[in-house]
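Listed in Swiss-Prot for this protein:
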type	residues	note
DOMAIN	1-59	domain 'TGS'
REGION	255-561	region 'Catalytic'
BINDING	C360, H411, H538	Zn(2+) binding site
Amino acid sequence: MAQATISITVNGEAKEVEATTTGVELFAEDKNIIAVKINGENRDLYTPLNDGDTVDPIALDSEDGLAIMRHSATHVMAQAVQEVYPNAKLGVGPVIKDGFYYDFQVDQPFTPDDLKDIEKRMQRIIKSSQSFRRRSVTEEEALKEEADQPFKIELIEDKEAHLDPAAATEISEKELSFYDNVDRDGNVVWKDLCRGPHLPNTRYIKAFKIERSAAAYWRGSEKNPTMQRIYGTAWATKEDLKAYQTRLEEAAKRDHRKLGAEMDLFSFPDEIGPGLAVFHPKGAAVINAMEDYSREMHRKHHYSFVQTPHITKGGLYETSGHLHWYKDGMYPPMHLDEEKDADGNITKPGADYYLKPMNCPMHNLIFKSRQRSYRELPLRLFEFGTVYRYEKSGEVHGLTRVRGLTQDDSHIYCTREQMKDELTSLLTFVLNLLKDFGLTDFYLELSTKDPNKYVGSDEIWEEATNTLAEVAKESNLELVDDPCGAAFYGPKISVQARDAIGRTWQVSTIQLDFNLPERFQLEYIAKDGTHQRPVMIHRALFGSIERFFAVLLEHYAGAFPAWLAPVQVLGVPVADEFAPHLAGFVKSLEDEMVRCEIDYSDDRFGKKIRNASKSKVPFILIVGEEDMNNNAVSFRFRDGSQLNGVPVDTAREQILTVIKKRVQVNSADDFNAAVAE
């Protein structure tokens with residue numbers, strides 16, 4: 001006899017319900033509930049419940065709810081595409097940050113008109129209130145149903161497809177399933193291979209937008225066919241969608257590529273190649289300010305500065321493991337040093353040299369260059385080391401993803417006993433330095449072992465991961481898990497910073513490594529005279545100079561604080577006869593290493609002021625007749641406010657004070673507050 005009731009826990013409360021109960025009945029009164037979490041796993045609202053289950057609701061406007069809704073939107077989009085292109089071959093349709101995409105193989109790239117048509121068809125599908133219905137299938141059944149879909153067949157036959165983040169939306173490790181789109185008459189009008197979960201029906205998709213299309217390689221490999229990828233976004237309400245679009249508009253204004261060109265900071269000449277930035281004088285001035293302050297702070301924290309070459313023999317990366325685990329991200333080798341006699345016979349074999357993708361192996365050689373004592377530990381090695389990563393041309397993006405990058409790279413060697421204290425002080429150092437650059441809103445991400453890509457024992461990984469987690473939790477910052485996100489040699493903490501418009505950027509990384517010291521046979525003499533392995537900590541505060549430059553440029557929308565600004569003072573004489581007085585004052589600032597310019601152009605004074613305002617210079621200094629007669633200058637700030645007739649000695653001291661304090665000044669009020677403190 002079937003069990004009449006079952007005992008479950010709902011929202012932490014024990015309940016006795018009918019055995020046929022699902023989430024549909026449990027949460028019937030709350031129309032914002034679109035799915036359930038059963039024993040910690042996201043499931044469809046109509047999933048049968050079992051005795052002893054723990055059930056929690058998933059609201060549409062929650063993080064999980066938005067992800068489910070966006071994934072349902074990918075199905076609606078794919079259905080709409082196949083209405084227009086019945087022969088379109090389907091790839092994958094995962095959820096991404098703030099949106100989703102689906103990959104298609106079609107004869108021609110999608111046009112803007114195609115995207116408009118697809119969006120209209122999606123609206124019709126949504127209004128038709130189609131239900132999403134899951135059904136489990138065998139592999140044989142799945143292959144039969146997807147006989148005309150080669151990319152789906154590949155996923156079905158790939159027993160490790162569930163490990164691919166994009167393919168994991170389609171394939172579960174446990175079982176295969178399809179989702180049918182069922183109309184009001186009960187007819188299946190479309191279907192897709194998918195693990196789910198999904199919305200109860202399409203009408204829960206209340207606010208969406210098709211954004212753009214682009215070419216993409218199937219499963220991210222340039223060896224695979226090219227697909228056409230359509231991106232979209234979906235939100236719980238139309239107000240949320242509008243707010244997102246407003247954020248995009250603001251982000252577009254702050255795009256570092258746009259600002260970099262407008263402010264003459266950097267460029268990417270075709271003659272050099274994609275992903276290889278050239279910094280112009282003004283951009284280099286910002287880089288120098290960043291590096292100079294970083295050097296100052298590293299000296300105060302007892303780091304030893306080193307410098308290493310840009311290329312090395314491949315054997316070094318054989319030892320480190322990079323050639324095994326990271327070769328696809330490295331540039332091809334250069335075969336050098338081979339010698340031949342007159343007959344072409346090799347008399348001295350050559351060696352493969354590589355552009356370095358990482359600095360850590362070279363720092364290990366510095367540690368290993370002589371015998372080390374416990375008295376030297378912790379040993380903190382630091383360099384601004386330029387490394388090279390082979391990024392695909394379609395994946396490079398401004399300064400945030402480049403092929404040549406300079407890391408503020410440090411490797412710290414310490415004892416196991418010193419490890420936790422070193423990590424704690426290091427995290428404090430990182431956060432304080434980022435705050436000095438104007439970033440103040442952080443959370444931490446803990447990246448753990450990828451079971452298919454790691455070196456060393458499970459025990460070592462567990463100890464390293466637990467230590468990092470303990471240090472992260474003691475910081476009192478939010479800690480988010482990043483499963484399988486670690487590099488092959490150790491777990492890491494990433495500092496995620498939110499910028500002025502709420503976007504999240506990964507900046508600093510702190511990685512704990514027991515494995516490379518083992519691979520390089522690093523040792524120190526302990527207090528008892530025994531030879532011991534040091535613990536190694538990899539650390540980059542900026543991540544890379546280029547990426548951090550881009551983050552700051554967008555965070556400040558080009559209006560850097562005075563200490564970072566490419567031009568700190570711009571002089572504008574009211575007329576030519578006042579230029580000598582202004583030049584004399586500017587010279588006194590330049591003697592104090594202030595970055596200054598004077599507008600000697602033939603433009604009218606009003607145009608000079610407009611041009612100066614567009615340049616986002618923190619201090620515009622104006623000199624007219626009254627200023628000259630009183631040995632004074634007048635300030636104009638970014639918001640248009642002014643301070644007139646400031647004596648030159650006072651003005652010079654105040655400018656130097658604001659620069660030294662590293663505070664942001666956009667107005668006369670900001671300026672007065674900064675110099676008064």
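Note: Cβ is positioned from N, Cα and C throughout, glycine not excepted.
Sequence features annotated in Swiss-Prot and their locations in the structure.
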{"residue": "C360", "record": "Zn(2+) binding site", "DSSP (3 states)": "helix"}
{"residue": "H411", "record": "Zn(2+) binding site", "DSSP (3 states)": "strand"}
{"residue": "H538", "record": "Zn(2+) binding site", "DSSP (3 states)": "strand"}
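All protein chains included, C360 (Zn(2+) binding site) registers 21 other Cβ atoms within 10 Å of its own Cβ.
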